[in-house]
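First the structure, in the form of structure tokens, and then the observations on it.
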Amino acid sequence: MPHQEPPYPAPRYAWAVVALLLLIYTVSFIDRQVLALLVGPIKADLDVSDLEFGLLTGLSFALFYTFFGIPFARLVDSRSRRGLIAFGIAVWSIATAACGLARSFSMLFLARMGVGIGEATLTPAANSLISDLFAPHKRGRAISIYTLGIPFGSALAFLFGGAVIELVSSAGTRTLPLFGEIRGWQMTFILVGLPGLLLSAAMLIFVKEPFRRGRAMTAAGSSTVPVKETVRYFLQRWRVFVLGFIGIAFLSALGYGTIYFIGAFYGRVHGFTPGQVGLVFGLVMLIAGTGGILTAGVITDRWMAKGRNDTHFRLLILAILCGAPFAFSFPMVGSPILATGLLALSIFFNNWVWGTAYAGVAAASPNELRGQATAIYLFVVNLIGMGLGPTMFGFFTTTVFADDSKIDLAYLWMALLCLPIALVCLLIARPAFAKQLAEVRAFEGH
């Protein structure tokens, strides 16, 4: 090692921080998705079209989430990560509550922008912070635990979606001092958003900024790598930080599309009600989604302990090969029970991507670029995954098949499109990733 570093924090403390970050990430997904549960009353009260509602759910959040992620990541790599996370929680919590004060489409759009900007701080900072709490061969499991916020948040949104809708429909109109009349859907935003401020305070009270380990590029001077040098570093390693990320993005496109259109699939193909969809898919995400992330984390740590420098991309390739048969078959079977079983297996393997990818980004990035590498990953994955995935489902049903009932074929063709692209990208990028990870591990002395 180039210089003596302090020991890693006590495991009990490190895991307590991970637990807090998991709770924060879960809440962020609930705040992110609560809008979709309130589509009916919002459209009725604000008189917005389907296109405008699409802008509220997608563009207003995703665009600002991705573009603010990179400048925030510069701060992650040089400033207090706990402070940045606390700031971000406060911003998106207040912005979520502000959605409940909106009286027009434009006001709600601006509030959703705030949610995206606030949440852009979380994962780059959390990924970097966790990496300084755990040795490399233990990071995979820790980061996988953090990414459980994805299935936990999604599952809670689906499982309790029906209850939220009932609450909204029965709450009526209330009057708040200074703000006047507040309808049920507006009160939902306020009640969901404001408790996040407690998590912001908890981040400042209970978490200490950890020592930054293995700083290869700034060990002799400034705490921040110049922008030009940062860009050069990533471009020189484009097979990892561009091609590899594109491969992961197409896996994510299939995952996001599955989540956003699963209600339509079960309703149109199997005749499920929204409540039935919420129960079934909520349990699938909770069990299969969680199981997939945890399994990938355990395998990652074991392979890393054996010195396999291609661990993360090798595991993603394995996930594609194992999960593809289930992704191809679940939309085409006639039995809803069999379809759900096949879907659960597809979700299990597809969810290997979340913890594995985050851990791979952390493992293959120098400490002082770790936050920015995570932000670039999120930029690519969210633009392609969150942007292209759901859009392509709609494109297939509306334009290619011109029949909404053909959503089963849309699922099949999305899998046929996304999985081969992801597989080819990751196969090409795997040797470069192994070389990159070996360089970083050599500097860190592992």
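Keep in mind that glycine also has a Cβ here, set from the backbone N, Cα and C atoms.
Feature annotation from TrEMBL assigns domain 'Major facilitator superfamily (MFS) profile' to 17-433.
Using a Cβ-Cβ cut-off under 8 Å and counting only residues 6 or more beyond its ends in the same chain, the transmembrane segment (12-30) has close neighbours at 85, 89, 92, 119, 122-123, 126, 129-130, 133-134, 142, 145-150, 152-154, 156-157, 192, 195-196, 199, 202-203, 206-207. What TrEMBL lists as transmembrane segment is 12-30 (among others).
Among the features that TrEMBL reports, transmembrane segment is placed at 53-72 (among others).
According to TrEMBL, the feature transmembrane segment maps to 84-103 (among others).
Distant neighbours of the transmembrane segment (109-130): 17-18, 21, 24-25, 28, 31-32, 35, 55-56, 60-66, 68-69, 72-73, 76-77, 81-82, 84-85, 87-96, 98-99, 101-102, 139, 142-143, 146, 207, 210, 358, 361-362, 367, 370-372, 374-375, 378; these residues of the same chain sit at least 6 beyond its ends, with a Cβ under 8 Å from one of its Cβ atoms. The feature transmembrane segment is assigned by TrEMBL to 109-130 (among others).
Per TrEMBL, the feature transmembrane segment maps to 142-165 (among others).
What TrEMBL lists as transmembrane segment is 185-207 (among others).
The transmembrane segment annotation in TrEMBL covers 240-266 (among others).
Under the heading transmembrane segment, TrEMBL lists 278-299 (among others). Counting residues 6+ beyond its ends, the transmembrane segment (278-299) has Cβ neighbours under 8 Å at 140-145, 147-148, 150-152, 154-162, 262-263, 266, 272, 315, 319, 340, 343-345, 347-352, 354-356, 359 in the same chain.
TrEMBL lists 311-330 (among others) with the feature transmembrane segment. Beyond the ends of the transmembrane segment (311-330), by six or more residues, the same chain brings 140, 244, 247-248, 251, 254, 296, 299-300, 303-304, 339-340, 342-343, 345-346, 348-350, 352-353, 356-357, 359-360, 363-364, 411-412, 415-416, 419, 422-423, 426-427, 429-430, 433-434, 437 to within a C-beta distance below 8 angstroms of the stretch.
According to TrEMBL, the transmembrane segment annotation covers 342-364 (among others).
Sequence-distant contacts of the transmembrane segment (376-397) (same chain, at least 6 residues past either end, Cβ-Cβ under 8 Å): 58, 62, 65-67, 69-70, 73, 120, 123-124, 234, 241-242, 245-246, 248-257, 260-261, 357-358, 361, 403-404, 406-407, 409-411, 413-414, 417-418. TrEMBL lists 376-397 (among others) with the feature transmembrane segment.
TrEMBL lists 409-429 (among others) with the feature transmembrane segment. Here the transmembrane segment (409-429) has long-range neighbours at 239-240, 243-244, 246-248, 250-251, 253-254, 257-258, 261, 265, 313, 316-317, 320-321, 323-324, 327-328, 330-332, 389, 392-393, 396-397, 400-401, meaning same-chain residues at least 6 beyond its ends whose C-beta is under 8 angstroms from one of its own.
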Where else in the chain does the transmembrane segment (53-72) make close Cβ contacts, counting only residues six or more beyond its ends and a cut-off under 8 Å?
32, 35-36, 39, 42-43, 84, 88, 105, 108-109, 112-113, 115-117, 119-121, 124-125, 371-372, 375-376, 378-379, 382-383, 386-387, 390
Please figure out which one of 84-103, 185-207, 240-266 racks up the most CB pairs under 8 Å against the transmembrane segment (342-364).
240-266
Beyond the flanks of the transmembrane segment (240-266) by 6 or more, those residues with Cβ under 8 Å of it:
154, 234, 272, 274, 276-277, 280-281, 313, 316, 319-320, 327, 331, 336, 343, 346-347, 350-351, 353, 357, 364, 373, 376-377, 380-381, 383-386, 388-390, 392-393, 404, 407-408, 410-411, 414-415, 417-419, 421-426, 428-429, 432-433, 436
